[in-house]
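Here is the structure we will look at.
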2 protein chains.
Amino acid sequence: MEKDVSIGLLGLGVVGSGVIKIVEDHQEELQHQLGRGVKVEKVLVRDIEKARQIEIDHRLLTTNCEDVLANPDIDVVVEVMGGVENARKYILEALQAKKHVVTANKDLIALHGPELEETARQNGCDLFYEASVGGGIPLLRGLSDGLVSDRIQQVMGIVNGTTNYILTKMAKEGQSYEDALQKAQELGFAEADPTADVEGLDAARKMVILARLSFFTNVELEDVEVEGISKLSLTDIEYGKKLDLTMKLIGFANRHNNQIEVSVQPTFLSKSHPLASVNDEYNAVYVNGEAVGETMFYGPGAGSLPTATAVMSDVVEAIKNMLLGVNGKKFVKPRFEKELTPSDKRFSQFYLRLHVKDEIGAFASISDLFNRLDISFERILQTPSEKGFAEIIVVTHKTSLENFQNAMKKLDELQVIDTVESYFRVEGDA
Amino acid sequence: MEKDVSIGLLGLGVVGSGVIKIVEDHQEELQHQLGRGVKVEKVLVRDIEKARQIEIDHRLLTTNCEDVLANPDIDVVVEVMGGVENARKYILEALQAKKHVVTANKDLIALHGPELEETARQNGCDLFYEASVGGGIPLLRGLSDGLVSDRIQQVMGIVNGTTNYILTKMAKEGQSYEDALQKAQELGFAEADPTADVEGLDAARKMVILARLSFFTNVELEDVEVEGISKLSLTDIEYGKKLDLTMKLIGFANRHNNQIEVSVQPTFLSKSHPLASVNDEYNAVYVNGEAVGETMFYGPGAGSLPTATAVMSDVVEAIKNMLLGVNGKKFVKPRFEKELTPSDKRFSQFYLRLHVKDEIGAFASISDLFNRLDISFERILQTPSEKGFAEIIVVTHKTSLENFQNAMKKLDELQVIDTVESYFRVEGDA
């Protein structure tokens, strides 16, 4: 029997505990894949005595990072501590010590991925991060290996489970945003401070990673336009239902020729779009490739064991590469200069809700304005007027973002408009 | 610039033409991935002069298989000719000549996969077949690499696009089986002789491949219980809708402890099941892993370019392995003795439609029979009687297949039953 391969963990939170559990429970699977066992040699924690969800031999725990990073027995370092600065420092040190690194840290990869990959490459080490997007879904591998010969045109994803849970509750149970958020917090799907999730920042980081992998460009976090769900009103979600539209927080990475758009925004999807029926805390990423057409990857976007499964798939790959002597060969090098798609070349349908004065010719003056801008309506909903005001909801045909934004400016000047209540992008042949 | 890698094609039908097109159109992507180009060196065809969908230099075509199999310039042989006997012979010859082989041939892999893999292993060659299941969906890679550390419990798939197209037409447009089949034939989704598709044989072959990969056992085609869709009645599909159940042809590969079940059968899925909304010619495979939980892979199950994308992902992997000198390392060796799950350990819900005499106590005697067998009903639908007969539809709670089959036998003896019209497995919390 060959000697076990030793791995070291940085962190023992939700994902770290899952890794420990998989290494224990699925040792037989690992043995079969690798012809040898995998064992956890050392785990860096902040507090050895802290009560934990899993049983673990205290001799494995350490508060000194060097016990992992400078440990000659450890071949693969698994970073599951989160945060950016310390994680970055430790990973750089591990790579410089010629250890392969697996991380689940989307924030770190979104911010410092290129630097870390360059360091890994220089040291002949693997750096894998399958778990950083889509939790347990084998997604990055699907994109980078499975669709390797294709030219990806669009990646559209529900990549944040917290917001998808909240939106599902709002849509299915008619809960307000606040109630749904509270419920999510009670169930552990949302954190005490939910800002990163509900404002779309978490999704934006994941889209940076997906856009880099899909388009081979040096996308940065600042290139992503981000809008969260905290200002969403139940009213729009209910109107959407009447129009067969489902509200989701969608991350977009679109390529038109060599220009790209990366954004995160609340979006109405037509009911027939594969992403529209992805509910609760689940994640799914829809990929459109020039040759393959439409594919979708669906699964748990978070959680201890699912995420640990993705981490361990990377660990197994790094170990296989070690046994074959071929580490450090798989990096996505940018090969296109980044060029962002300007708003006159970004086309979609739009949903728009207006509060208008109920007077003769009100709708005519609105439709006249859109008509002059060459924006036509696909669907119109007008509610009965109340206290002299009516609500008008329209879904436009496809138009450019620039054109639509232009219309929004001009609408403000229109006498008959009381307020522009809301507008959203619409995708998937409404 | 490095020298191009040369591949040889066996066959130039739908998939072969797609491979030619991707090699031409996506040469830049291939260059980037491999640091060198890929070119098609020779293509085995039956008739050089035949009119084709794509333009191809006739000097590349040959009717002599040795021009591919014994060609010293060719490193990777791509088998896309279909059929079993010749394909097997050619692939064995290619492997013995130390050429790596990529095939899209599910029939061949289902029947002779283990023999071919053993030959590949002995010759230090790769043998990949991503395209054999799920067309363009990077599915086998997701199962074998992405979920490598997990223990897969269930694979449920819509793995045949023809039957899914037919069932979608029946459900959405109320077409009869015959009309939907004819439409599928007109659109090229079904062949002139549709037997292999509609009787579930094509799906069965794919499930053999999925079951081997998921459970590491020597599953054979004869282990699969197969039932097709050719006897399905629109009546059941319509009743299903009333019960929020969607009819799909589902391939199952289930593991209970170390016993497995592999089957293909028309199945009612609850509307909330991720597979229930997979429509038209699309394929999707739902995977339940012990650690990862529910994941799903969705995409085009057939078609020239999608399938060619999967073929090319294998070609790229084989070439990468060549450049690294690590071919012939990735095979799924059976490690469990095959043991099939007996019918008393296979549990599910069932849908049952009965034609009964409309007399007092009819329903009581039926429910009494089920009650004695410990089968309880979750839902009951009774139609108004017509000419002295009524239709009763029940959905049972979970029970064993043995128990249910037992009930079916006893029903036949029941005076009040006119006919047992149909029964189906039900999955996904009806």
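Just so it is clear, glycine is given a Cβ too, placed from its N, Cα and C backbone atoms.
In TrEMBL, annotation is done automatically, which means it is predicted and not curated.
As recorded in TrEMBL:
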ACT_SITE  A:Lys206  active site, proton donor
BINDING   A:Leu10, A:Gly11, A:Leu12, A:Gly13, A:Val14, A:Val15, A:Gly16, A:Ser17  NADP(+) binding site
BINDING   A:Lys106  NADPH binding site
BINDING   A:Glu191  L-homoserine binding site
DOMAIN    A:351-428  domain 'ACT'
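Known features from TrEMBL, placed on the structure.
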residue	record	DSSP (3 states)
A:Gly11	NADP(+) binding site	coil
A:Gly16	NADP(+) binding site	helix
A:Lys106	NADPH binding site	helix
A:Glu191	L-homoserine binding site	coil
A:Lys206	active site, proton donor	helix
Tell me which residues of the chain lie with their Cβ under 8 angstroms from that of A:Val15 (NADP(+) binding site), as long as they are six or more apart in sequence?
A:Val80, A:Ala104, A:Ala131, A:Ser304, A:Thr307, A:Ala308, A:Val311
Just give me the nearest neighbour of the residue listed as 'L-homoserine binding site' among the recorded positions A:Leu10, A:Gly13, A:Ser17, A:Lys106, A:Lys206, Cα to Cα.
A:Gly13
Given the binding-site residues A:Gly11, A:Gly13, A:Gly16, which one has the fewest other C-beta atoms within 10 angstroms of its C-beta?
A:Gly13
Spatial neighbours of the residue listed as 'NADPH binding site' among the recorded positions A:Gly11, A:Gly13, A:Val14, A:Ser17, A:Lys206 [C-alpha, 10 Å]:
A:Lys206
When the pLDDT values for the domain 'ACT' (A:351-428) are averaged, what is the result?
92
Select one residue from A:Leu12, A:Val14: among these binding-site residues, choose the one with the most other Cβ atoms within 10 Å of its Cβ.
A:Leu12
Compute the C-alpha separation of A:Ser17 (NADP(+) binding site) from A:Lys206 (active site, proton donor), stating it in Å without decimals.
23
So what sits near A:Leu10 (NADP(+) binding site) in its own chain, CB-to-CB under 8 Å and at least six residues off in sequence?
A:Leu44, A:Cys65, A:Val68, A:Val77, A:Val78, A:Glu79, A:Val80, A:Met81, A:Ala87, A:Tyr90
Secondary structure content of the domain 'ACT' (A:351-428), with strand meaning DSSP E or B:
24 helix, 35 strand, 19 coil
Recorded positions (A:Ser17, A:Lys106, A:Glu191, A:Lys206), the one with most neighbouring Cβ atoms at 10 Å:
A:Lys206
An 8 Å radius from the center of the A:Leu10, A:Gly11, A:Leu12, A:Gly13, A:Val14, A:Val15, A:Gly16, A:Ser17 Cβ atoms defines the neighbourhood of the NADP(+) site; name the other residues of that chain inside it, in order.
A:Leu9, A:Gly18, A:Val19, A:Val80, A:Met81
